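Features as listed in TrEMBL:
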type     : residues  : note
DOMAIN   : A:10-151  : domain 'Aspartate/homoserine dehydrogenase NAD-binding'
BINDING  : A:K127    : NADPH binding site
DOMAIN   : A:159-337 : domain 'Homoserine dehydrogenase catalytic'
BINDING  : A:E211    : L-homoserine binding site
ACT_SITE : A:K226    : active site, proton donor
2 protein chains.
Amino acid sequence: MDRHDIALIGFGGVNRALAQIILDRGDELAADLGFALRVVAITDLRLGSLMQADGIDLADVFAMRDGETFAGRPGGTAAPQNDYVIRNSTADIVVEATFTNPIDGEPGISHVRAALESGKSVTTTNKGPVALAGLELNRLAAANGLTFQYEGSVVSGTPILRFASETLQGLRIDAVEGILNGTSNYVLGKMESGMTLDVAVAEAQSLGYAEADPTADIEGSDVQLKVVILANELLGADITTADVTRRGISEVSAADIIDAAAQGKRYKLIGSAFRNAAGTVTAKVEPVALPLTHPLASVTGPTNAVSFDTDLLGTVTVSGPGAGRIETAYALLSDIIAIDAHQRARVEAGR
Amino acid sequence: MDRHDIALIGFGGVNRALAQIILDRGDELAADLGFALRVVAITDLRLGSLMQADGIDLADVFAMRDGETFAGRPGGTAAPQNDYVIRNSTADIVVEATFTNPIDGEPGISHVRAALESGKSVTTTNKGPVALAGLELNRLAAANGLTFQYEGSVVSGTPILRFASETLQGLRIDAVEGILNGTSNYVLGKMESGMTLDVAVAEAQSLGYAEADPTADIEGSDVQLKVVILANELLGADITTADVTRRGISEVSAADIIDAAAQGKRYKLIGSAFRNAAGTVTAKVEPVALPLTHPLASVTGPTNAVSFDTDLLGTVTVSGPGAGRIETAYALLSDIIAIDAHQRARVEAGR
């Protein structure tokens, strides 16, 4: 039985959910996938750092008291020594799940770079490194014979990137458009039934869909990062957030929504990118009044969806959860499965 | 550059579309996929048989006069010697695209068996062999170190089977349900807007969606075959059509549809299979009044869709074309890509 040793950078909801999956059903997964998973390092802003090459007792970590740190445990410190742990742990895969920084991508970019420089493949759910330095980090991974995977950076665990790159092989993707933010989609739905933007946002916050500061969701900058990832990954573009025109749902009024409904249409915040006649890629985020027959018009609430326009197959759409701790942890697991497959292919090719 | 030599069994719309794709964009595909495609055999009820180990001139075949056969060409006969060609052609991949026989799966089953017995991998769009003998043919393929692929047997080129088996790796699929027949879906949509079943069927026929005999579409037996494939392939069942309860859309009246609409619901012909408490699989085809918020409720016209209920990710849905010559030819191409990948993996593993 093969095994991957993993380092968890950040121990918030998503990496905790991944650890819980490994603890609860590691044996079942190993039988299914042909490899075992062992956590050998954890770092976290509040917990500090823990490196144990023989495998960390996850049940023990889950039993930690509030305010307790890793200090005092073998291989443990109270300080979150992210860079040191990434470079020196015995892990072969680093799982980066720290917060998204939409401005400069840090510390995510440095984490990914440190991992790839020290011989470790990386999976991340962090949009920052992928949107702001994806091409550079992919080149670094390739140069070092490693794999950089980030399925969870776009639509949580719903496998959009892998669907496009693997399942749609042989097709040319000409355009991609999607509902890429569950909070704004939920809020638009509520506005359709007569709520004001502010009340709908407050409701989304109380349900845990929206952040305390909902600006990134409502004004479209979260979607903007995701459109950069989709355009660069699926359309071979090399764009940055500055290249993505952005308008948020605050520009849609209750009157707009009523007018649209009267015409059989429904507003959705659409992130899109398409290859234009000049061969470059046009990308934008904007509220669009879609006809009800459009494949994205009926995607409601926190569900996300992405439609791909292809040459031979026309339009194909994938929809599924766009958030959730366990769902996003599955994105990490699916990335680890892909990293394993790539490593095996490399070993076979090198024989 | 690697190359696959292929034999086209049946030269109707779908295999013609595949040949056209190879003729028009073979070079582009070869650059993209890393292998070339060459047609070395064609058999067809009306055209006869043609075997040319150095590759058939497809432009010449497309230029054939109405009523002309392959007789007189080198390697050509007026008779469609399917079994002889499958066994003796120099192809390494057989593309089976003859008609679906829902009763005994013939001649499709014999074609697939002959190919696998003579060392050739197979792709088919023919539901018959997959639904009625899928497990046997998969075992035969595995025993002979070959690959049997049939993406196009369920939802045309929309890659349902590969999405489930590859993109959703690591998840347990507990249930699958889908809109698997575009004709009945189109007819139900027309009945919603007040048409009678008969008029709607006639309109679907005039648009080319429905067959001259629409019984298999309207009474659900087409979907029944597809449910067998989904249940056996994705839920590990071993069922036959007799195990799939079947009710068609002829059981839905205009009054039912109006009543459903008054309750915010919409009728869809749903094929479904789920793992029940006893661990066996329950499968059925029936018209279901879905709430409009259901992911399948808004799938309209000739579009098909399949939802997968999974343990970690909840419900994920893929929608796309459920018919069309080019779209279905893409299913064959995607199968050939999968066969190539399996063959490479086998070669690497055998080194």
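Heads up, the Cβ atoms here are built off N, Cα and C, so glycines get one too.
Automatic, uncurated: that is what TrEMBL annotation is.
Taking only the Cα positions, the spacing between A:E211 (L-homoserine binding site) and the residue listed as 'active site, proton donor' is 17 angstrom. Broken down with DSSP, the domain 'Aspartate/homoserine dehydrogenase NAD-binding' (A:10-151) shows 60 helix, 26 strand, 56 coil. A distance of 7 Å separates the Cα atom of the residue listed as 'active site, proton donor' from that of A:K127 (NADPH binding site). For A:K226 (active site, proton donor), the number of other Cβ atoms no farther than 10 Å from its own Cβ, over all displayed protein chains, is 25. For A:K127 (NADPH binding site), the number of other Cβ atoms no farther than 10 Å from its own Cβ, over all displayed protein chains, is 24. Here the Cβ of A:E211 (L-homoserine binding site) has 13 other Cβ atoms within 10 Å, regardless of which shown protein chain they belong to. A:E211 (L-homoserine binding site) falls within neither a helix nor a strand when secondary structure is assigned with DSSP, and so counts as coil.
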